[in-house]
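Features reported for this protein in Swiss-Prot:
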BINDING   Gly36, Ala37, Ser38, Gly39, Val40, Gly41, Lys42, Ser43  ATP binding site
Amino acid sequence: MRDFNNIQITRLKVRQNAVFEKLDLEFKDGLSAISGASGVGKSVLIASLLGAFGLKESNASNIEVELIAPFLDTEEYGIFREDEHEPLVISVIKKEKTRYFLNQTSLSKNTLKALLKGLIKRLSNDRFSQNELNDILMLSLLDGYIQNKNKAFSPLLDALETKFTRLEKLERERRSLEDKKRFQKDLEERLNFEKMKLERLDLKEDEYERLLEQKKLLSSKEKLNDKIALALDVLENTHKITHALESVGHSAEFLKSALLEAGALLEKEQAKLEECERLDIEKVLEKLGMLSGIIKDYGSIAHAKERLGHVKNELHNLKEIDHHCETYHKEIERLKTECLKLCEEISGFRKEYLAGFNALLSAKAKDLLLKSPSLVLEEAPMSEKGAQKLVLHLQNSQLETLSSGEYSRLRLAFMLLEMEFLKDFKGVLVLDEMDSNLSGEESLAVSKALETLSSHSQIFAISHQVHIPAVAKNHILVFKENHKSLAKTLNNEERVLEIARMIGGSENIESAISFAKEKLKV
């Protein structure tokens, strides 16, 4: 295995789907070609692989994929690895419902897709809905090309991204202030009412508990008064008990201390009750009701105090709102000027290097037997990437009218540029029938492009022609035996026979084998 940081799928196991009763394949890095007669289950195999990543519905009772992804951060999902090169295992079990697991940790399908997002890049017939060849990608490629040519370009892009992000934040804050300004009078009235409601209460941390205690005392003060008075009367004569104990030679110090403490506690409670005599029960209940409402509205007295501070701050800010708006306006205008200047500098670089990039794109397209495409810079609303967009021109064609084969080859041309200048794709390429309906010459061109891409990414490609299997590092054959679909990785001798079958079927088998050996260089 090559020592690189890209994802690599090392194994696929499938149990009981519509085609395969049992499937167990091990994969190596590089290009893996998948071939076989029509209807044996090649696309079903690819669908099972995509199903493990949540990109298709699971088509089997059990799918298991082993992969190595050193850069993937799994700790956030409770999956810890001692070694980042330790294989991860995705399991998909389908019974009444479909369940997803990563290293035996259960995850929802959406969570799994979010974690593995971007690890699988697929070229298929629904490519236009994916909008892969968009102006963001093309502009990123041009910028990557310029960065490779001129080191002064990257600082400009970084500075623009930082300043534009700050500009957007300030504009959002200014809009929020302006909204407040439009409703300033109404907002001030509501905040002042809330401030008055909170300030007229004594928002002490223990105030609610203190009032509850007062309510309890008031409701039972007469009974408590009688009990305390009776107890204090009894304590008046306890000296007779302690004197008698001392007379017969026993110490009464402990009892004296306890009786003194009991007397002090009762006198303290009696003082509380006397204080209650001065309380207005209606006012206590009224304030208690208000505090209950505050706790219900704000969660606690502490939260109400925090809210009071926030309300006061908001009222202060409303008084300063005109000043703040003016400050925001000046800062926004300053940042706009700086961003526009950076956009002009970036635009200058793009115009200078566009011809060279177009020449490179044309060369890639020519290698893939396509008419030369060209990219044209047009003005666009300012963003963190500048104030331009790239528009793809295809001589006498429109992108939407390209055949599936033409589009796939054009996408390959851009992939080759991505590999060279962006180097940020660390996933696996899955190509579904890439060479179907292509001429032999076109298929040969595609195989060369895939061979180049496979030095950077693992690739799985269903193939109907000999050129992709001939350059593939691994060749997987899907076939039927006793009416059951099977799949296996071919050795060199088996590869020769399969490529010979693809060339000429059962006719001219000797010349087909000779040609297959020549293609495989064996």
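From the backbone N, Cα and C atoms, a Cβ is placed for every residue, glycine too.
Keep in mind it's a predicted model, so treat the numbers as computed, not measured.
Long-range neighbours of Val40 (ATP binding site) (same chain, six or more residues apart, CB within less than 8 Å of its CB): Val19, Val478, Phe479, Lys480, Ser485. Neighbour count (other Cβ atoms within 10 Å of the Cβ, all protein chains): 6 for Ser38 (ATP binding site). Gly39 (ATP binding site) counts 12 other C-beta atoms within 10 Å of its own C-beta, drawing on all protein chains shown.
Ranked by how many other Cβ atoms sit within 10 Å of their Cβ, the binding-site residues Gly36, Ala37, Gly41 place Ala37 at the bottom. Using a 10 Å radius centred on the Cβ of Ser43 (ATP binding site) and all shown protein chains, the other Cβ atoms total 16.
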